Amino acid sequence: MTVETTPSLYGGAGPLLLAVCWTEAVVATALVLLRACFAGTTKTGRVRWDFIFVAIGTAFGLASTALSTVAVLHGLGQHIEYVAFPNIWEMLKLTWFSIVAGLVAIVGCKIAIVALLLQVTPDHEPARRKLLWCVGVLITLVSVVQIPISITQCDPISHLWERLQPGSCPRAGLAARFGYFQGAFAVTVDVFLALYPSTIIWSLNMSKRAKTAFCVLMAGGLVPASAAVIRTIYTRRLVTTADPTYELYPFMLWAMTEGYLIIILGSIPPLRHVFQRVFLPKPRLAYQSDIEMVNPKLDPIIGSLDRKNEFKVANISLAEDDESHDAGQSSKSSSYSIPIAQTR
């Protein structure tokens, strides 16, 4: 005599989803905390805008992951035949709330990248700065439109997750089409933000090695772009799948991966000086990350152009002579200016 057992709600692909997303969440949160300690403020003590936005994005990302965790406990990742109807409705509701929180997280993190790039774009290039501002505004507007379109696609709204109650989804097609547009836009923005630094760094009179290193770090944004592509492919499953408890997990996995990768890879340039101290052997040159720009309100990552078109690198000292590492300062320091040609 054989005894049939029913799989628990927690199973299928649910454990994989939680393992990947919480690992990414821990790494991203650790890097944001490091930014709070070493790259969260300017030299004048003001909180940096890139840190403000990445902190907001991380908070919403953690909220999205927490909601997904509860959704997994209600059957997300498990095949629908093993999940009772009440759990299906609760899982779908939690998943939609998680999607909204995750979308806000991604927007915050991308705005943080825009703010970071604004810090390394000189004031005497207003066209570039206006372009970055336009990108930031478009990122926000597209997401502001996406959220209500997705949430209000069904009448009543609760029919979005409680499919057995009376109602319909007359705007499901619109939501799906705009979801594809939002995904394509997200990929385009990720590629733009990854390649933009190469258009300004190579015009500066710096070592080729420093230019290459910074561009490679920022080009890491191409990785989140790949995650955004995969996430977009799974968008239609939000409303068309016959096995929502199982087939929604790839969308959730790649959506949260996209957000956390933006946080992780976008935190490397601001923390470059921290990683140099930890991983580079001595003796070496330690570059202070907070160097004055043309606009004294901003703190760049690599160097600055002064009003005389000189690239300035400040506070260069041998690591073995450093006496204060916590704030990225040294007791023995010097600065030099390199005259360069006017860039247009």
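Yeah, the Cβs are placed from backbone N, Cα and C, and that goes for glycine too.
Heads up, TrEMBL stuff is auto-annotated, nobody curated it.
These features come from TrEMBL:
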{"type": "TRANSMEM", "residues": "16-39", "note": "transmembrane segment"}
{"type": "DOMAIN", "residues": "42-277", "note": "domain 'Rhodopsin'"}
{"type": "TRANSMEM", "residues": "51-76", "note": "transmembrane segment"}
{"type": "TRANSMEM", "residues": "96-118", "note": "transmembrane segment"}
{"type": "TRANSMEM", "residues": "130-151", "note": "transmembrane segment"}
{"type": "TRANSMEM", "residues": "180-202", "note": "transmembrane segment"}
{"type": "TRANSMEM", "residues": "214-234", "note": "transmembrane segment"}
{"type": "TRANSMEM", "residues": "254-275", "note": "transmembrane segment"}
{"type": "REGION", "residues": "321-344", "note": "region 'Disordered'"}
Q) Are there at least 3 C-beta pairs under 8 angstroms linking the transmembrane segment (254-275) and the transmembrane segment (51-76), leaving out pairs fewer than 6 apart in sequence? A) yes
**Q.** Long-range environment of the transmembrane segment (130-151) - Cβ separation under 8 angstroms, sequence gap at least 6
**A.** 96, 99-100, 103-104, 106-107, 110-111, 114-115, 117-118, 121, 157, 160, 171, 174-175, 178-179, 181-182, 185, 189, 192-193, 196
Q | Taken over the domain 'Rhodopsin' (42-277), the model's mean pLDDT | A | 87
